[in-house]
Each structure stands twice: as C-alpha cells, then as structure tokens.
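> This is the structure, below, for whatever I ask next.
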Amino acid sequence: MTQDSEVENWETQVMLLSVETMEANPEDNSPHAPTRGIDASPPSEHRSSKDLIDEAKQTLHNNFKVKDLGELKYFLGIEVLRSQKGILLNQRKYTLELVSDVGLSGTKPVFTPLEANIKLTTAEYDKLTGYTDDPLLEDISSYQNLVEKLIYLTITKPDICFTVQVLSQFMQQPKRSYWDASLRVTKYIKGCSDLGIFMPKNSTIQLTAFCDADWAACPKTRCSVTVYAIKLGDSLISWKSKK
C-alpha cells in the first residue's frame, strides 16, 4: 500500500467515525473532547431515525463526491420491494435472465428442485462399479457457469440450497446426469422467480434455529449432509447446506 493510499484510508476512517460519534460539548473544539456515549436526554428530545440518516448522508456529501439515488430498489441482481407489510428481497429479473440464457423460457416449471431419491455419483465411483451409461460432459464450462449462477441465487432462495450444494461438488468432472439435474433446478426457479426472503414490518426479535442431517448421504465418502436455518422473528436471516 502506498503512502497516499494509507493517508486516504486514514482520512476515510476518521470521517466514518465522525458519522457515528459526536462531541459531548459542541462548543468544545478540543481534540480530546469526549465523544457521546449513551444519550440520557428525555425521550421527547430524541431525534428520529430519519434525522440521523439525513445527518450521515450530509456528512458523506461533505467529504465525498456522491449521489443520493433514494431508496434502494435494485442491487447486484437483488430486487428490494417495499410494502406496508414489510420488505421482500428477490432475484426475479436475474432468475428470468438465467432461464433465458439456458434456453428454457418455453418449458414448463417443475415443483421440486431435485428428483426424489436421486443419487448423483462421481466418475470414479462409476468406474469402480462398472456403470457406463452416464458419460462425462465434453464441454464442462456450461455446467460450471450455470451452477455458479445458481449459487448466487441461494442469496434469496434457500429452497435450492441443498440441491446446489450437491451440484457444486462435481464442478471438475461433471456428467450428463449432473447437467440434467442443473436444468431441473432452472425449471424449478422459473416457476417461483418472484418469491424470495420476506422481512415483515411487525415481527418479534425471538431467535429460532433449525437443523437437520442426511446421515451418510454421500455414496463415495459416506459423509453426512447437514443443513441449518436461523430465523429472527418471522424472517429467515441465515441458512446453509454442507457436506
């Protein structure tokens, strides 16, 4: 890191710190003036959240060349939809573009992301068992590209986490069955492109966690697949599926 970039980084940190803290005595310009901790002023004197947001925005405007685009509506493929009931995060536009890129716009959606009781095996496993009806893909880039996009979709679609976790294990030597399975996931998300993560306006702050495991699910390693989901009130805030 150059000296100029170090200075710029330091100035940025100081500016951001000034957004979070205020001097206890506004008339005291001493560099050692204590910053405000807990605000003990009466509730009637408390400022609204909007006032604090406006103050933070103004500080940024004073220190950087920025443009206020208003309320967030779209960010990195994620749509933010607001209503009186709460906020919905989905990836509808990203999903429909993915479906179109794969050439499945005219197909009918399916109701599950993965066929029941399907066992996807590696090429090494097929070789040991003598199974020859599931050849390797000649062009693996299409499979890799599709799975990478599906991984990004799990940001707002926890219902495909398990399936995507399975498909992502075969990125180096994908077979025809893997490609068919990835197309099935694509057909599934086509039918629920407008669904996502909903954060209701009126919700409790109770933290609830769920977990489960598919014991010895991997036919090659006999490893189990564990999954968990954590909710804050009625909002899903964290989830994962891992072998």
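Cβ atoms are placed via backbone N, Cα and C, with glycine included.
Pulled from TrEMBL, these are the listed features:
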type	residues	note
DOMAIN	51-115	domain 'Reverse transcriptase Ty1/copia-type'
REGION	19-50	region 'Disordered'
> For the domain 'Reverse transcriptase Ty1/copia-type' (51-115), what's the mean pLDDT in this predicted model?
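Here the mean pLDDT over the domain 'Reverse transcriptase Ty1/copia-type' (51-115) amounts to 89.
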> By DSSP assignment, list the helix, strand and coil residue numbers for the domain 'Reverse transcriptase Ty1/copia-type' (51-115), in that order.
24 helix, 12 strand, 29 coil
